[in-house]
Amino acid sequence: MKPFNIFDSNSSIQGKFFLEASAGTGKTFTIEQIVLRALIEGSLTHVEHALAITFTNASTNELKVRIKDNLAQTLRELKAVLNSQPASLPTYLDINCNVKQIYMQVRNALATLDQMSLFTIHGFCNFVLEQYFPKTRLIHKNPALTHSQLVLHHITNYLKQDLWKNVLFQEQFHLLAVRYNVTSKHTSSLVDKLLASYTQPISSYFSSRVERLEQISLWHQQIYNSLLEIPKQVFLDQLTAHISGFKKQPFSILDDLHHFVDLLYTSETHSSLFSFFKIAETFNFKHRLARYKPCAAFTVLENMSWVERTLEFCNLDRIFNTLLVDLQEYLKQNYTPWLSPDESVFALEKLLSSSEAQPVVQALREQYQLVLIDEFQDTDKQQWSIFSNLFISPKFTGSLFLIGDPKQSIYEWRSADLPTYLTAKSSFSEDKQLQLVNNYRSTPKLMEAINQIFGKISPFLEIPGYLPIEYHALNPQSSETFENPPHAPIHFFFYETIKDQALWIFSEALRLQKEQKIPLGNMVVLVSDSNQAFELISYATIPVSFSKNKSIFHLTETHILTTALLEAILHPENYEKISKILFSSLFGLSLDEVTTKKEDFTIYFQSLHSYISHHGLLATFYRVMTTQGNVLFSSPRGDLIFQEMEKLCGYLDTISSYPYHQLLHLKNFSETGRWEEELAISSYSEDLETLKITTIHSSKGLEYDIVFCPGIEKSKKNKSSSELLREMYVACTRAKKQLYLPISTQPPSLQRSSALTNYVKLEGTQSSAYDLAIHLHQEHPDLFSYSLPKDHGHATTVLNLPLLETFALKVTPPKTIFSFSSTKFLLDTHKDSQSIPYSKLPISKQQLPLGEKTGILIHKILESIQFSLLQDTEYLMSTIMRFIKHTHLEGFEETILKLLSKTFFSPLTFSSQTFSLSQVLPNKIFRETSFLFLENQELWQGVIDLFFEHEGKYYIIDWKTSFLGETNSDYSKSNLSIYIKQEKLDYQGRIYVKAVRKFLNQFEIDDDVELGVIFIRGIDTQGNGFFALNSSEDIPNFNPKAIQKCQAYH
């Protein structure tokens, strides 16, 4: 390849060139000079005819700034010449050139630089599609909505129209609906799951619904003929008896068996033949017992693979994938074909290869006179197809530069591949293959050492089917020198343990800071991944920060913690949201601590609720950190999480001043971050007093005075020898003055494959990295040095750091929050002396056990039951078993089922009407509803078991598992009245009714609210076990301030 020098007038820039730019050779400088030279020489008449494509948005912005600064500097020099002042102009300028004309050309370019086409590859593809193929772009776009909100809108529309029926059977969709049950606290909704997954590629899904229905019909016809020999009742009896040969399941299949056999013996085919998952799971081969005996009925099913077909039919992953594929097609047709950025690349490649695109191809060729494609080593086949189609053709008369370095191709996981790079290179003649040969980054001695290391590998890279890639030594051009006795420019240090390695690095960094006056911020520790970074940080003796260019959602729980904190602040009355953040690493509390201090924390978050509305999210975060900072910093990665939460809170404050808007944005952040690069928050530290730690991949394109490379010693899995060598090259070429390479003292047989051990193997003359270091030092003592573990002590450096400046935030006086639980103590002092001690009543073994645990479990069951499935006995039983398995209630399943059936189907008589809970519409029900309201300057909180609307009236239900006696008559209205007054439940009811009325008033609803108490142990169809409270009853007089120290329990 020919050397290329932009300032050499003999190095032409007109034509098509393949330019290799090794690390530190001034690639970006060369690109900006190519643009300037093209303007000066006239091959580029206007900057709007220039196209530059880079890898990331950050690179695009940097290049634009560099080009702008270069044009501005050149303009100043030209102006100086016009004013007959000393000036420095490019050497390729002809001495007799028209300086005034060039001045006007550069000034015009600077003023109109925004018209230059500067894109990432995805940006370029989107630009072409929008300009020339508008029909393939967004079909519907509402500027008031974000991309995520638009996708959510279309997902909702898809489901509302029941379009799933085109690809799924009703039984399959029912399985999905149960799996993604929105009333469950443990699962996400189907809509949320689809929103989180809509960009994912899908490989495993069902064939078309029509095809599957044909297969079901054919299957049924075949088995129907076999069934003619077995009477229906005999078939059913055999299958029923067959159950005993399998392991017992936590559900009954008797009703399903009757239904299944009915369908089998019907001549008409039903898709639900394969929907009996419980039968298939019961008769699964893996559940067979030793006493299993075959039967004729099951043999028929077995021969027709019914169990296998049913398990496949009910496979939730395939059902979801099938739905997702159809949804993706719907989004492409109704919103945008480009569900992910890469799809725009695929689409443009396909469109440009069609005959109808030739006018577009011609228009693009005519639009651009200069095309610069940077980081070409990271290009894939589709991208190269686009570029070659547009600009390699002789019909493109402008200039083209493909610029890259195969030695720095470390993004194979992003689809970049070297064969594509080499294919592109081979399409250029040898005289058009250029290279930058001068290094401006590293000191001459360090560059000489780097040349020595990589010059030993020949060929540097070898790809089957292509000419080998050689390492070409670079000419050092830096005028800077650096002396660092006793170390040579590349220093190998040996270590025994990771702790030894970390302490050596931190000790050496501190020495360089003191003796060489190099700020810690100009040094970097390059690691393989975040785990290695955090391990090193755990031994840090100096200030360090892990700098990464990833989204904050990539490694830590920052997103989760920030969301949980904001939800707790905005909903201080919601115990579940408060508990979530209290259990997290931000507070680190135990279950007992949260339970006993729940009211205190509600008061605390209520004070933060007021604070955030006046001071913003970031200030509120700092306020929380004044008490919780030590807890967070003592947790793994706590310092990094603090930095990220700080940055995220500050970012959200710039988005909106309304906390609820911030929470909405935060919940959609992780998904939208994939589309909007400006939303990705980098934790890259600019602090000069902090040693940086970053990954080798993140360091690409950056440079540092001092580089420590423990990342090349970390074992790597599933990486090719070629990629390991390229990673080592990238790591070593980040250094400007000094490079440190660690070597483990473990025997080679115990060392796993790493970039360094891979290098030793490729170099071939030494048996270990240890031997290599010794050999290099003996061969070039002025370039390489080494130190053994004994050369440094393990003395811990004691830093005399100044005391941290702290600040205190004004504490807002908290309000006491009252509840029925906290006031009950005082109310109990008014109890009637004739009250009945129900807790001492005898209880038979047939009754549910007494105690708080029983009440909690029954409440959990009632909380989770879907009202739409109350008629489904098997569903109710499976729900009950799910909660009571391995508890003290195991064995009471039938008793609980009977009690629940009575609870939901017994008539409840209120003053306005009589009805059962089974008649209430599921979509008009709120369960476990938390409230917090202000009454007479006092805050009241609580949780309502059930709140619903029925036929235009509003009702509250409170569940009670209190034991009043063995018979239903013990739960008569007269007995309940005594118990309710005794336990002050009428007082509790008044609090709940007040809370609901305040809630309804927000919607200008002034209707009355009635409250009923259901005693689950005694409810029946005769009116026992239910008591409707009189809402007009007066509240007993009391002074809540007298009981402020009482805790609230629910």
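In case you wondered, yes, glycine gets a Cβ from its N, Cα and C as well.
Summarising the annotation, Swiss-Prot assigns region 'DNA-binding and helicase activity, interacts with RecC' to 1-766.
According to Swiss-Prot, the feature domain 'UvrD-like helicase ATP-binding' maps to 1-443.
Residues near Gly24 (ATP binding site) in space but far in sequence (CB under 8 A, at least 6 apart, same chain), listed by position: Asn439, Tyr440, Arg441, Ser442, Met447, Leu474, Glu703, Thr733. According to DSSP, Gly24 (ATP binding site) sits in a coil region rather than a helix or strand. The annotation ATP binding site is assigned in Swiss-Prot to Ala21, Ser22, Ala23, Gly24, Thr25, Gly26, Lys27, Thr28.
The domain 'UvrD-like helicase C-terminal' feature in Swiss-Prot is assigned to 458-701; the stated evidence is sequence analysis.
What Swiss-Prot records for 814-1050 is region 'Nuclease activity, interacts with RecD and RecA', and it gives sequence analysis as the kind of evidence.
Look at Swiss-Prot and you will find His859, Asp945, Asp958 tagged as Mg(2+) binding site. Less than 8 angstroms from the CB of Asp958 (Mg(2+) binding site) sit Ile944, Asp945, Leu946, Leu985, Gln988, Gly989, Tyr992, Leu1011, Gly1012, Val1013, Ile1014, each of them six or more residues away in the same chain.
Residues annotated as active site, for nuclease activity in Swiss-Prot: Asp958. Reduced to three states, the DSSP call for Asp958 (Mg(2+) binding site) is strand.
Neighbour density for Gly26 (ATP binding site): within 10 A of its CB lie 17 other CB atoms from the protein chains shown. The record gives Ala21, Ser22, Ala23, Gly24, Thr25, Gly26, Lys27, Thr28 for ATP. Within 8 Å of the mean position of their Cβ atoms, the other Cβ atoms in that chain belong to Thr30, Asp405, Leu436, Asn439, Tyr440, Arg441. When each of the binding-site residues Ser22, Thr25, Thr28 is scored by how many other Cβ atoms sit within 10 Å of its Cβ, Thr28 comes out lowest.
The distance from the Cα of Gly26 (ATP binding site) to the Cα of His859 (Mg(2+) binding site) comes to 70 Å. Look at His859 (Mg(2+) binding site): DSSP puts it in a helix. For the region 'DNA-binding and helicase activity, interacts with RecC' (1-766), the model gives a mean pLDDT of 87.
In this structure, the CA atom of Lys27 (ATP binding site) is 68 Å away from the CA atom of His859 (Mg(2+) binding site). Counted within 10 Å of its Cβ, the other Cβ atoms near Ala21 (ATP binding site) come to 25, all protein chains included. In this structure, the CA atom of Ala21 (ATP binding site) is 69 Å away from the CA atom of His859 (Mg(2+) binding site).
Listed in sequence order, Asp945, Trp959, Thr961 are the same-chain residues at least 6 apart in sequence whose CB falls under 8 Å from the CB of His859 (Mg(2+) binding site).
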